[in-house]
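Remarks on the structure that follows.
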Amino acid sequence: MKKTGNINTYYKLLLLIVATSLFFLLLYASLYLYTIQEEKQFYKSTFNQYKNEVNSLLKLNSETPIATIIDVTFWDALVKYTKTRDENWYEKSVASQFETYNMDYIGVYDSNNNLIKKTNSSKIKTDNFIQKEIMVQLYKSKITRFYLRIPEGIIEVFGATIHPSNDPKKNKSNPSGFFFMVRLLDKQFLENLNQITSSKVSLEEVNHINKAEEDLVSVNVNLKDYKNNSISKLTFKRVFNLNFKNTKEILYIVILASLLNIIICLYFTKRWVYNPLKLITSILETGSLFAIGSLKRTKGEFGYIGNLFEENSNQRKQLEISKHKAEESDKLKSSFLANLSHEIRTPMNAIVGFSDLLNNPDLDENDKSEYLRIINRSGINLVSIIEDLIEMSKIDALQIKPKYKGINLNKCIKELYETIKVTIPKEKQFDFFVIECQNPIKKYLLTDVVKLKQILVNLIANAIKFTDKGSISFGYEIDENDGTVVFTVKDTGRGIDEKNLKAIFDRFLRVEDHFHAESNGLGLGLAISKAYIEMLGGSITVKSSFGNGSIFTFKIPLVFEESERKAKNNTKASYDSNSGNETILIAEDDNINFLLLKKILQLRNYTILRANNGQEAVDICAVNKDIDLVFMDVKMPVMNGLDAFAIIKETNPDLIVIAQTAYSSAEDQEMILNLGFKNYITKPLKREKIFELLDGFFVSKNKNKSITTKDF
C-alpha cells in the first residue's frame, strides 16, 4: 500500500486505537478519583444532615419537660407553698402528679436555696444533688437545662424559678423558690431515642474514640453540665448503605477490559481493515477482478464495497437513464409552457379578434350573433383552462379534501346523463346512453358527489372528444365481494396506442397530439380524475388499443349513509320574470365588473346603486332602507366584502346579500355560505344564473308580503 507521509493508513489506525485507549484509561482514572471525592462529599452531606436531625430530635424530646416546668412555676399555690410548706397540699397537688411528669425526680427549694420537699422514683436514691451554685445561676437565668453525673448515672436536669401567675415574664417579682425536674438517661431512655431516631444510641465517656465503620454514619452529642463542661456524650449510629465500593470494582474491571480490548483491536484491525484496504488499493490501481472477488468475500462493509465495484458499470447505465429522464422532464416542461401559451392565446385571440370585428358598423346581425357566440365560447374555454390549473395546484398542495354526504346514485347518473346529452356537438354521430345496473343501489351512497360528477364528466368529455361515430356509454355495477362501486365509461373512438397508454394519467400529456391536429386542452383532465379517485379511496384502470376505442373503469368504496332520508318535494315555485321594482346595491370596486353587472340588471329595469368598497356598502345600507338586495364583492379596498357583510348582518339581518367572488372551489363556496350569505355568483358572471337567483329571492319575498297582507 502507498504511504501518506511516513505513516500508512493501517498504522494511523493503530495509532488512533492506542491513543483512544489511553484516553479512556485516563478517563477511567479520573472517574475513579471523582468517585472517591463524591463518596467523601456524600458522606459529609449525610453526616451533616444526620447531625441536624439528631440535634432537632433531642431538642424536641426536651420541649415537653421545659413546657411542663414553665407551666408549674407560674403557680400561685406553689408560691404559697414555699412559705407555708403545707405537706398535705404538696402531696395532693404535686406528688400525686409525679407520674404524669414522666420524670425520675422533682424537688422544691426555697429562696434561700434549701430543699423543701422532693419526690423521686426508685431509679434515683441520691439526696440533694442540686448544689447551691446551680440555684445562684438559676436566680439570674430564671430557667435552665443541663446534665449531671450522679452515682446512678447521667441525669438531665430542668430547673426554673417560682413566680406568681401575674408575673409571666418573671421580671416583676423576686423568685419565691426553685423547682427542679430530673430524668435519668438509663437504658429505657436510650431505647426510646433508638426508636425516635432510627439509630443505635449509646452513652459513652467524653474521651471515648469510636472506631470508623464503612457502613455506618455516627454523630456524637456532648452532654454538658451547668458549668458548660462536657461530662459524657451520646453516640448515634445509623446504617449508611450507600457506598461506592461496587462502583470502584466496576471501574477496575473496565480498566482491565480496556487493556484486553486494545490487544483484540490490534489483531482484528489488521485482519478486517488492513487486508481489505490493500485489496481496494489493488482494485483502484489495476482493476483486478481477482481482488474484486476476494473483497466481495470479505464480511461487512468491505464486502458491500466489493459489490459496488462490481455494479459500477450498471450504475453508469442507470445514470444515463436518469439523465435521459431528466431531459424528457425538461422537454415536458417546455412543451407544457408552449402548450399553455398556445391554449391561452387561442381563446384570447378569438376574444380580442372578434371583439375588434364587432366594431365594424356594416356588420349584419347574423355575423354579429356568430361573433358573440364565438367570444362567449372562447371565454368559457379560457376559464376552463385556468380552473384546471388551479385545481391541479390545490391537489398538489393537499388543499382539497373530500366532503362526504349521502347521495342517490341512480338520480345522480340520470341528471349527469341529461346534462351532458345537450352539450354533445351536433356533428358527432354516435349513440350516447347509460348502462343499466343489474343490481341498482337503493340506499344513499356516502361519497363526495361533486368530485364523483367531475370524474365522470372528465372521462365522458374525453370520450366525446375522440369519438365521431359509434357509441359512448357509462354506468355502474356493485361488486359486493370487493365492497366497491365499479363505474365504467366506454367509447368506440380512436383508442390509445400502447406507448401512450402507460402514461395516460400523466400530467400535461395529450395523446391526441400524435394524430389529431385539432387537439386542445392542457392534458390535466385525466390526471385530476385520477387524483380525485385516489382521494375517495379508489383506483382507476384503462383498457384500449389504437383504433378500437377505450374502456375506463374506476372503483370507489361501497359505503352507505347510516341515517335514512325522507323524500322531499322539490317543487319549484313559479315566478314572474317581469320584476323590476326592486332596488339593488352593487358593492364592486372594479369599474368594468360593475358596468357588466349593471347592464345585466338593467335588462330587468332594477334600480341600481353602487358602493366602491365595503365601507361605502355599510354606510349606504345604514341610510337607505329601501335596498332589497346587495351584490357584495368579496375582495375590495378599505373594507373587504366579508367584513362589510358581518356589519350589515348585525343591523339588517333580513337583507338579502349575494357574494361575488372569483374563487370557484367548493371549499371557498362552502366558506361563503357558512358565513351567512344567501348565495354566491362566481366570475365570469352568467346572466341566466343571476336572473335565476333574483327570481327565486324576489318571488319568495313578494309571496311572503302577500301572505302578510291577507292576514290583516
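Glycine is treated like the rest: Cβ placed from N, Cα and C.
In TrEMBL this protein carries:
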- 12-34: transmembrane segment (TRANSMEM)
- 250-269: transmembrane segment (TRANSMEM)
- 339-560: domain 'Histidine kinase' (DOMAIN)
- 583-698: domain 'Response regulatory' (DOMAIN)
- D633: 4-aspartylphosphate (MOD_RES)
Chain residues outside the transmembrane segment (12-34) and at least six past its termini with a C-beta under 8 angstroms from it: 4, 248, 251, 254-255, 258-259, 261-262, 265-266, 269, 273-274
Sequence-distant neighbours of D633 (4-aspartylphosphate) in its chain (C-beta under 8 A, six or more apart): A587, E588, D589, D590, N593, G641, Q660, T661
Residue counts (helix, strand, coil, in that order) that DSSP gives for the domain 'Response regulatory' (583-698): 55 helix, 25 strand, 36 coil
